[in-house]
8 protein chains.
Amino acid sequence: MSANAPVAIIMGSRSDWPVLKKAAEMLDELGVAYDAKVVSAHRTPERMYAFAKGAKAAGYKVIIAGAGGAAHLPGMTASLTDLPVLGVPIESKALKGMDSLLSIVQMPAGIPVGTLAIGEAGAKNAGILAARILAVTDAALADRVAAFSAAQTASVAETVEDA
Amino acid sequence: MSANAPVAIIMGSRSDWPVLKKAAEMLDELGVAYDAKVVSAHRTPERMYAFAKGAKAAGYKVIIAGAGGAAHLPGMTASLTDLPVLGVPIESKALKGMDSLLSIVQMPAGIPVGTLAIGEAGAKNAGILAARILAVTDAALADRVAAFSAAQTASVAETVEDA
Amino acid sequence: MSANAPVAIIMGSRSDWPVLKKAAEMLDELGVAYDAKVVSAHRTPERMYAFAKGAKAAGYKVIIAGAGGAAHLPGMTASLTDLPVLGVPIESKALKGMDSLLSIVQMPAGIPVGTLAIGEAGAKNAGILAARILAVTDAALADRVAAFSAAQTASVAETVEDA
Amino acid sequence: MSANAPVAIIMGSRSDWPVLKKAAEMLDELGVAYDAKVVSAHRTPERMYAFAKGAKAAGYKVIIAGAGGAAHLPGMTASLTDLPVLGVPIESKALKGMDSLLSIVQMPAGIPVGTLAIGEAGAKNAGILAARILAVTDAALADRVAAFSAAQTASVAETVEDA
Amino acid sequence: MSANAPVAIIMGSRSDWPVLKKAAEMLDELGVAYDAKVVSAHRTPERMYAFAKGAKAAGYKVIIAGAGGAAHLPGMTASLTDLPVLGVPIESKALKGMDSLLSIVQMPAGIPVGTLAIGEAGAKNAGILAARILAVTDAALADRVAAFSAAQTASVAETVEDA
Amino acid sequence: MSANAPVAIIMGSRSDWPVLKKAAEMLDELGVAYDAKVVSAHRTPERMYAFAKGAKAAGYKVIIAGAGGAAHLPGMTASLTDLPVLGVPIESKALKGMDSLLSIVQMPAGIPVGTLAIGEAGAKNAGILAARILAVTDAALADRVAAFSAAQTASVAETVEDA
Amino acid sequence: MSANAPVAIIMGSRSDWPVLKKAAEMLDELGVAYDAKVVSAHRTPERMYAFAKGAKAAGYKVIIAGAGGAAHLPGMTASLTDLPVLGVPIESKALKGMDSLLSIVQMPAGIPVGTLAIGEAGAKNAGILAARILAVTDAALADRVAAFSAAQTASVAETVEDA
Amino acid sequence: MSANAPVAIIMGSRSDWPVLKKAAEMLDELGVAYDAKVVSAHRTPERMYAFAKGAKAAGYKVIIAGAGGAAHLPGMTASLTDLPVLGVPIESKALKGMDSLLSIVQMPAGIPVGTLAIGEAGAKNAGILAARILAVTDAALADRVAAFSAAQTASVAETVEDA
């Protein structure tokens, strides 16, 4: 665990890591430290309680939580901390992540989860959004975020086929 | 709170009571005692934690949990107790309970929630299913359940219009 | 057929067995005896009638019923017995089990089916829920269920990658 | 009950009659006799069993079955008789009949239900389709069906506003 | 083209034949003659008009029409003939036949299409339903249909694994 | 009928006129003549056939077709003419226009329908799109379309409440 | 416009204000200044462009964007600024906000929108999430957010009926 | 870039080209010149603004825009130009293009996008619809479009199996 990592990436199952890793890679690219760990709402509810209630004291600023199916991890975490929580719906086998998405995004008034797209695009975007949040008061990070955006724009060739 | 009520009916919001009341009425009709209380997964996570961890010791045998939208109460309760948990999806405003249903029923392997239909039919059926479960080892209750089923069958007139 | 097996696992087609087998394996693990048989609501309606009407007398306490598509087996069984019936929606080819789920869970008031998730997770959970139901009055089984839950929690490593 | 009515209209609940009545009215208009009765798959499974097994001997040629939610009546009837069965999905409260439709139409290979549209349009069309079926070998009825179609066509004014 | 075949199987594209063939095989098994042809509502609208308007005179008694996506063939055929029309939704690539199903089943009042399940099960069932319709006034066919049903029931072994 | 109206607005039922009228009003506002008439694919298939086959000769340049449920009018019209056809899905009772949308937009390769949004917004936009199409070679109309767009932009006050 | 308001609330139409107002009220309650304005992606694309490109320089730290139907405002804003953007799907007439939700949440990798629930709950939660984000480096605000959470928890009476 | 190409094909990502190429091939077949380029609403918003605002002056008559997921390119383009814009929903990974379709078709009143089917059929049809639009005032093209339609009809063999 990095000392003072501002971002925690948690996920309901180790099998979610190939997806959530995209968030981690994005944070690496933007120079933001993070910890990643498996915290299952359903199989390790006490670990989740302990993690979420202690997240602020542990120095985290933003939490990225990914889960699939009846995905309760992001919402439960958001109910146990006042930190901003970003949710990543994992694509589920039968319903292709529609269940994951609705379980994460349709939170009742009072407990927000900022939800990203289903799957890898959402995971990558969770990393970027965490960085945008931290960049609000970190000018150097803001510069790196801006550089990332500019580079992304520049990388889009206009031609439809390779020369 | 009834002494030794075998069924607990919990719900995410007092506004769910008009629906969950159908479970209570059914249990009344079948002569099964219950307690009903508001336990919000999101707004009162510690109350939920305490309730679910203590449910068995409190003498409950079956838990009926109703919630709407990103409905985490049934699944989280099931992860914090080994009692059978029955979930009732409340009809939500925009998505008509499809979000509630998927959030409750699509639990990962390891933590079951026996899910009923969206809304009042589901609430009533949760009451009946709780009674069927308790009747497994309660012959008198089994007789009342059988009488209810028989009366229900008998009440269905074959004619399509009132005489 | 085991003498006095408390759980019956029925399914609409032999092709559902690879999924329902997860329920059986779970019951094996928890030390609960069961019988498994093919009982098609549509192709063998009389076998279904006979099975369901005789289930209680045959000594069953809980019925697990799996079916796909226009899945009528769980609901029809629940209408023909007063035992608790648990429904497992099988993932269908075109609609991925959404048809199976709605056909099972949306039962009218009066006839409950405790519905689990689509596919293998649901089958496994049906096994666990059956055990939780039987454990209500079987302390030894309750201990095994608790041990299973504890072991499940303990098995969730926090690290996202193998050491 | 009309002597020798060729069509039986059955429905899961008396509350379905306002919808199924449209089938009856259509049959009246086309001069086809029918009986209408409440036969609930779930609340009166034995009545359904008896009705369906005896339908052919009772002289019925076509069965129209309407039901809502987890709508098992059309499919179960089709599994208990060799007569053609037409299914009418009733619009359900939460899911607007999508559950009814999938529960009726997604029958497995071997047991067909000819499914019509959700609600009143479907009920009316079930009446017409029953008449079209009977008209295959009833020239007088075929003439009435043809006259109905012609009148329907003639009734469609081309102008968008009343003169 | 068989002389006097009572059933016509039409489909929107030759690529639908592997699915619709299941209807044909079923009719073969039940001893019902049929013709099968490609009649595209969209690419050959005049062929469709000619076919549907002439179907009755050509001696057909029942039409089976299969199509996918924005599937207009069954409904348009039903609007151009008074014969009973059965619709088979073909599984489409992106939406898995949900578009095909809704395009076929949601017909307005006045023009019925008896709709079967998406894909091969629906095609097979269209063949059976066509036979059930013709059997209304063909006792020999009714016997073959009954024998098929009985054989189907008999073929369902109760055991879940091969001996 | 206006002499030389370049746009035809057709609809499946007179009851669709309150929605399609929005297309007409938009065309009025943009100074584009049109004819509006009821042409039902299902109840008046020959009128549709005649209309669509004759549309080009009648001087129409663009056809707007609105229909609901199993909405076949836009696609069938597009198969019977080479003119550009714009489809407006009417909001249906049970499925809220999702059936109408899929029946119109999911056309097979070879026969295009340019589909607009469900309901009044789609109708209004069909009028605007027809005008944009005609404006490709009508500079005066292009100016009116541009003026409409500019006025629309100007009409959007930035303040959220009336002063 | 407040000097130095850290939050901008933008919406696609003045008719969205009754929903977005819930975000404003929440920010009022938490003592966070904001500006609210109508910025339509479709009707005022240049206003959107100017707003989003200038948002950071204008001193905003977080943007809340609400829109319905084909809701492009949140995503386009996120593509034109590096500030964190929170999206609120407005409930649409026909599809009840499912279109709004998917249009907002399913952003491609590279451009994140933190999406909240459909409708008023989502708007209120956008206000809370904006405050949680700002509280990351504003201890006084963090205290107010914590007090809000605590008060919310305390306000949930356990009893289901008023005393 | 072809001098004076009347059609522009734009897409959100180079990975969309295999689908949009079907539009290009169709235009090739119909003898209509086009330019194809990658213009991402989200990653290159300024390129999109410049392209769309300059499209008319660049001589384009019709724009085909393809995008997937939260697909904003067609709608934003339509808001920045008065040319007719045709939208092609790309099949997305998790939701199979349902998100793309709704993001494109559900445009608010005032800004139309003529939307085609999800995926390759839609792309091909966008090419045909563009040609139909241009053919309104181009008799030679109208002849080619008519010849294409006629050839397409002629190519549909009636037999279901190869001779």
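Each position is counted from 1, following the chain as shown.
The backbone N, Cα and C atoms fix where each Cβ goes, and this holds for glycine too.
Because TrEMBL annotations are produced automatically, they should be read as predictions rather than curated entries.
Features of the protein shown, as given by TrEMBL:
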- H:SER13, H:ASP16, H:ARG43: substrate binding site (BINDING)
- H:5-156: domain 'PurE' (DOMAIN)
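Across the domain 'PurE' (H:5-156), mean pLDDT in this model comes to 97.
The local packing around H:ASP16 (substrate binding site), expressed as other Cβ atoms within 10 Å of its Cβ over all shown chains, amounts to 24. All chains included, 20 other C-beta atoms sit within 10 angstroms of the C-beta of H:SER13 (substrate binding site). Every protein chain shown contributes to the tally, and the Cβ of H:ARG43 (substrate binding site) ends up with 22 other Cβ atoms within 10 Å. Within the set H:SER13, H:ASP16, H:ARG43 that the record links to substrate, no two Cα atoms are more than 14 Å apart, and one pair reaches that distance.
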